[in-house]
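Working notes, beginning with the structure itself.
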Amino acid sequence: MMDAEGQQNHHPKDPQMSKRLKMALVVLNCLLLFVGDTGGPLVSRLYFRHGGHRQWLASWLETGGWPLILLPLSISYLYRRRLASDHHHPTKLFFLTPRLFLACVVLGLLTGTDDFLYAYGLSFLPVSTSAILISTQLAFTASFAFLIVKQKFTPYSINSIALLTVGAVMLGLHTSSDRPDNVSQGQYLTGFFLTLGTAALYGLILPLVELTYRKARQVITYTLVMEMQLVMGFFATAFCTIGMLVNKDFEAIPREARQYGLGEVKYYMVLVWAAILWQCFFLGTVGVIFCVNTLLAGIIIAVLIPVIELFAAIFLHEKFTSEKGVSLGLCLWGLASYSYGEYRENKEKKEAALKDQTTGLTTGG
């Protein structure tokens, strides 16, 4: 559901991470991102496809695996504690400041809202259609980044926005070609626009996360990123829990499990795996952003869109129409255009910084 594209890393990072550890984290987080980004949407759709009807429950599963973050945080704490004992220094239990904590609470509530919009949209849409619509998040990210963190538009970002918009419009004009059998035209359109709303809201969340990094007034370490993700996941899940209580989803789960098309045991397996896979996605995304940059995360997610399309056709037997193929091509073209623009900008900044450094050394000499 959620991308991490379009932001530059302007925040200070942990200078103490070794190259070997960083490479291991890059590989691990790329694998987590691959597994979560392809598996999460498929399993969530599987829930709705075989008799699941609880959108609040499906949205809860997207962040309900937040306790899994306690594992890497515990490992990090034990590692820091061992290092501190060697130097006779006290070990901080956590790095989050009250200011960062409050920011993560707000971001978590926004994420919970985004989870619900996505789950509601996916209950009426094929995974393949949803994945293409979610890719338009990049256009919203670029727009909100311009307003919030003053990231300038470039010819590449403008081109990508135009291509992504045309791709989404093409899908909207051919709604009857891939509508599931048990979904009405009205429900399909509801899912269509809610999924676009999901992309728009997450396009707002990403620049807000970047702004939070900038205003942190402390070094952004991998441990701090995990702590922020933990708080965001907890409050997103709490938001969805309230929705489940109001909608009486907890009372309905046993009844829905008994009536589930794949059987009661597989019903609970679907729920558990959905929570695990979505958490893999979140951990992988923030990990790739921290260890490398958002550009790599965006490229991986863009590359995985046709993989999701393929898996949806193989495992869920979804139709892949010609309109969907053209729309996918436009979206991938837009993502490639934006990624190349980001690459050019990063390269120019590095060259300018190197030139300034060389000039400074020459002047000093």
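Just so you know, glycine gets a Cβ as well, placed from its N, Cα and C.
TrEMBL does not curate its annotations; it predicts them automatically.
Taken from TrEMBL, the feature transmembrane segment applies to 21-43, 63-79, 100-121, 127-149, 156-176, 188-209, 230-247, 267-290, 295-316.
Across 127-149, 188-209, 295-316, the stretch most heavily in contact with the transmembrane segment (21-43), judged by Cβ pairs under 8 Å, is 295-316. Counting residues 6+ beyond its ends, the transmembrane segment (267-290) has Cβ neighbours under 8 Å at 1-4, 7, 9, 13, 25-26, 28-37, 39-40, 43-44, 46-47, 52, 57-58, 61-66, 68-69, 72, 220, 222, 225-226, 228-229, 233, 256-257, 260, 296-297, 300-301 in the same chain. It is 127-149 that, among the stretches 63-79, 100-121, 127-149, 295-316, forms the most Cβ pairs under 8 Å with the transmembrane segment (188-209). Long-range contacts of the transmembrane segment (127-149) within its own chain (CB-CB distance under 8 A, at least 6 residues past either end) are made by residues 1-3, 5-7, 41-42, 45, 118, 121, 157, 160-161, 164-165, 167-168, 171, 178, 191-192, 195-196, 198-200, 202-204, 206-208, 210-211, 214, 298, 302, 305, 308-309, 311-313, 316, 318, 320, 324, 327-328, 331, 334-335, 338. Sequence-distant neighbours of the transmembrane segment (295-316) (same chain, 6+ residues past either end, Cβ-Cβ under 8 Å): 3-6, 30, 33-34, 37-38, 41-42, 45-46, 49, 126-128, 131-132, 135, 138, 285, 288-289, 324, 328, 331-332, 335-336, 338-339, 342-343, 346.
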